[in-house]
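Below: one structure, written as structure tokens.
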Amino acid sequence: MWNSEPTHRQNQQHQQQQHYQQHQHNGNSTSGGGQPAKQLGMTSAISLAEPKPADLQRTENLRASLEPFNVFESQDELNHRMEILAKLNTLVKQWVKEISVSKNMPESAAEKLGGKIYTFGSYRLGVHHKGADIDALCVAPRNIERTDYFQSFFEVLKKQPEVTECRSVEEAFVPVIKMNFDGIEIDLLFARLSLKEIPDDFDLRDDNLLRNLDHRSVRSLNGCRVTDEILALVPNIENFRLALRTIKLWAKKHGIYSNSLGYFGGVTWAMLVARTCQLYPNATAATLVHKFFLVFSRWKWPNPVLLKHPDNVNLRFQVWDPRVNASDRYHLMPIITPAYPQQNSTFNVSESTKKVMLTEFTRGMNITDEIMLGRASWERLFEAPSFFYRYRHFIVLLVNSQTADDHLEWCGLVESKVRLLIGNLERNPHIALAHVNPKCFELKKGESANNSQNNSGNEDDQKQQQQPPPTNQATVSASPFCSMWFIGLEFERSENLNVDLTESIQNFTEHVIMHGVNIKMLKEGMAIDARHVKRKQLTVYLDADFLKRERKCMESHTSFNNTLLANRKRLSTELAQSQEALPPGSQTQQPASGNRGRESGAKIHRLSESLTEDNSNASSDLGAQTPTTPTGAQMNAPSFGKTSAKNGSELDSSEQEQQAQSSPQSQAHNNGNNSTATTTEVACS
């Protein structure tokens with residue numbers, strides 16, 4: 001794998017992690033010699049327990065369940081990526097030399113300047129899937145200008161026979177060249193350092209490199225610096241990688257993987273998994289996945305998630321600090337990058353996307369509880385309930401263009417603005433939730449309500465078949481290219497509710513069009529339209545077979561939920577009966593019964609608090625006391641910027657697991673707009 005750190009640094013990193021593990025044994029936080037174990041993270045670990053044979057078997061089962069999803073690349077595919085990056089690295093060195101010579105630098109001096117390709121993101125973390133793109137950074141010495149990169153190097157790339165679809169996005173927030181290099185998509189950023197030469201073993205983690213750099217170079221360097229810090233802050237890289245692959249696949253399957261739409265992006269999921277690894281440093285990947293859901297379904301948002309104490313560096317770059325920056329106080333789920341300048345990677349999160357993600361965290365907790373009890377397989381974790389049968393009302397956002405190139409640009413702009421529409425909808429007092437599906441659907445031409453019906457037996461669909469389609473459904477779009485995003489709406493419960501969404505939608509479409517004009521992107525044929533549709537009208541926009549599969553998926557999820565709740569109610573009843581049957585003092589007189597009680601208790605301890613009401617996590621935000629596994633010091637980050645904060649007192653792992661007991665209350669996702677006593681009318685134009 002092409003790494004952004006030299007080989008000797010990787011060896012140092014692995015030696016440090018082995019040293020860390022050698023100083024932990026029997027669940028204690030000190031080594032045999034009395035020296036405290038190295039702490040990775042803001043606080044001490046919750047548990048240092050070593051894995052049991054059952055944990056190792058679950059991890060093997062987890063790895064096997066990931067295979068069908070193509071999350072692992074073969075060695076040949078990895079070698080192909082390394083060859084591509086090696087070619088790109090050679091091109092950079094040659095280009096730096098040629099540009100320097102053209103600026104009257106002696107050739108002998110130009111040959112020593114160097115230049116290097118660094119990687120970051122999923123590829124650098126070692127968790128990329130088959131066909132994934134590569135995030136890379138071109139680092140050049142100080143005599144190379146940004147204009148040189150986006151002009152001359154851009155032309156060099158276009159001349160390469162392996163390069164196709166090469167385009168420059170110089171005016172982006174993080175300027176980038178996008179291309180397809182021999183079948184692999186590559187996003188190549190640029191950073192110009194204030195150095196005369198760039199040696200091959202150069203380390204980007206030194207904060208002093210940022211001195212005298214412009215903001216665009218700092219933002220470009222941030223990806224590599226954050227990725228390298230994450231790898232340095234986890235105790236076991238292999239366990240981290242397998243757990244992260246699992247969580248990323250789960251997030252994508254459940255529709256909560258998209259930074260631009262207000263969910264979490266790749267680096268955010270990596271930081272959450274890394275924090276879990278710090279809290280359970282000796283746990284296997286299967287255990288880490290379970291603890292991931294336990295920790296973050298109970299996290300006291302908006303307390304920030306940090307992987308380490310913020311660096312005491314002052315190079316005049318703005319860092320995330322709610323004490324200083326008023327805007328930082330409004331971030332709902334702050335997760336702070338570990339490299340200077342520290343930033344919140346989740347500033348796009350809205351109230352609606354937060355609710356959706358917390359619901360999925362709780363659902364993930366339920367499922368992994370069942371997996372740990374041996375009553376479900378890992379495949380169940382990657383099965384999500386149907387988005388389209390979860391709601392009865394939707395807004396469909398249609399994006400139209402005349403050419404493929406125009407459509408690619410136009411869709412990119414609209415997608416980056418969808419979260420503004422979510423914000424407009426959230427401000428409507430009658431809307432409880434605006435859930436955007438991150439998947440972009442392509443409209444299949446030639447389909448209409450007459451030939452795209454859902455024969456699944458749904459009552460709403462049967463009524464739809466008996467009614468003529470509205471006039472605006474006869475032809476969804478006449479443009480040759482049309483993409484769609486769907487937003488599920490959940491309304492506050494009210495009798496005969498009438499909601500007018502015209503203003504919210506109109507403000508959004510006008511803003512997007514005006515922005516397209518300002519950046520000179522808007523061309524003839526580009527259009528955006530937003531419509532309110534009911535579930536029974538989805539057959540106009542989506543394939544009937546797809547909707548049938550969605551309905552079956554929802555039925556399967558409902559059946560699993562009912563079984564889960566019945567099992568937990570039974571376990572809770574058994575535990576209560578076993579406790580009532582034991583008279584005072586019988587624990588010492590009847591060890592066998594006591595053991596049976598403890599065994600039943602252990603089963604209950606496996607269960608999370610997710611059997612409480614759906615929005616139980618919201619009570620944490622309001623200051624309610626809810627039981628949780630991690631200690632208060634571990635869940636609540638200390639004051640930002642203080643490097644001498646004391647760790648919270650450690651609990652014994654068994655005591656902490658006791659705090660995770662669940663209450664046997666019914667939990668099911670019940671949308672307010674599904675109530676039969678509620679009549680909702682939505683008007684929009």
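Note that Cβ sites are derived from N, Cα and C of the backbone, with glycine treated the same way.
A quick note: this is a predicted structure, and the numbers were derived from the prediction, not measured.
What TrEMBL says about this one:
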REGION    1-39  region 'Disordered'
DOMAIN    41-234  domain 'Poly(A) polymerase nucleotidyltransferase'
BINDING   PHE120, GLY121, SER122, ASP133, ILE134, ASP135, ASP187, LYS248, TYR257, GLY266, VAL267  ATP binding site
BINDING   ASP133, ASP135, ASP187  Mg(2+) 2 binding site
BINDING   ASP133, ASP135  Mg(2+) 1 binding site
DOMAIN    239-383  domain 'Poly(A) polymerase central'
DOMAIN    386-551  domain 'Poly(A) polymerase RNA-binding'
REGION    446-476  region 'Disordered'
REGION    576-685  region 'Disordered'
COMPBIAS  596-608  compositional bias 'Basic and acidic residues'
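Sequence features annotated in TrEMBL and their locations in the structure.
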residue : record                : Cβ neighbours (10 Å)
PHE120  : ATP binding site      : 26
SER122  : ATP binding site      : 22
ASP133  : Mg(2+) 2 binding site : 15
ILE134  : ATP binding site      : 23
ASP135  : Mg(2+) 2 binding site : 24
ASP187  : ATP binding site      : 18
TYR257  : ATP binding site      : 20
VAL267  : ATP binding site      : 22
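In terms of Cα distance, none of the binding-site residues chosen from PHE120, TYR257, VAL267 sits within 10 Å of ASP133 (Mg(2+) 2 binding site). Here ATP is bound by PHE120, GLY121, SER122, ASP133, ILE134, ASP135, ASP187, LYS248, TYR257, GLY266, VAL267 per the record. The longest Cα to Cα distance in that group is 20 Å. It is 12 Å from the Cα atom of VAL267 (ATP binding site) to that of ASP135 (Mg(2+) 2 binding site). Listed in sequence order, the residues GLY121, TYR123, ILE134, ALA136, LYS178, GLU185, ILE186, LEU188 complete the 8 Å Cβ shell around the Mg(2+) 2 site centroid, once ASP133, ASP135, ASP187 themselves are left out.
Residue counts for the domain 'Poly(A) polymerase central' (239-383) under DSSP, helix first, then strand, then coil, are 74 helix, 6 strand, 65 coil. Mean per-residue pLDDT, taken over the domain 'Poly(A) polymerase nucleotidyltransferase' (41-234), amounts to 93.
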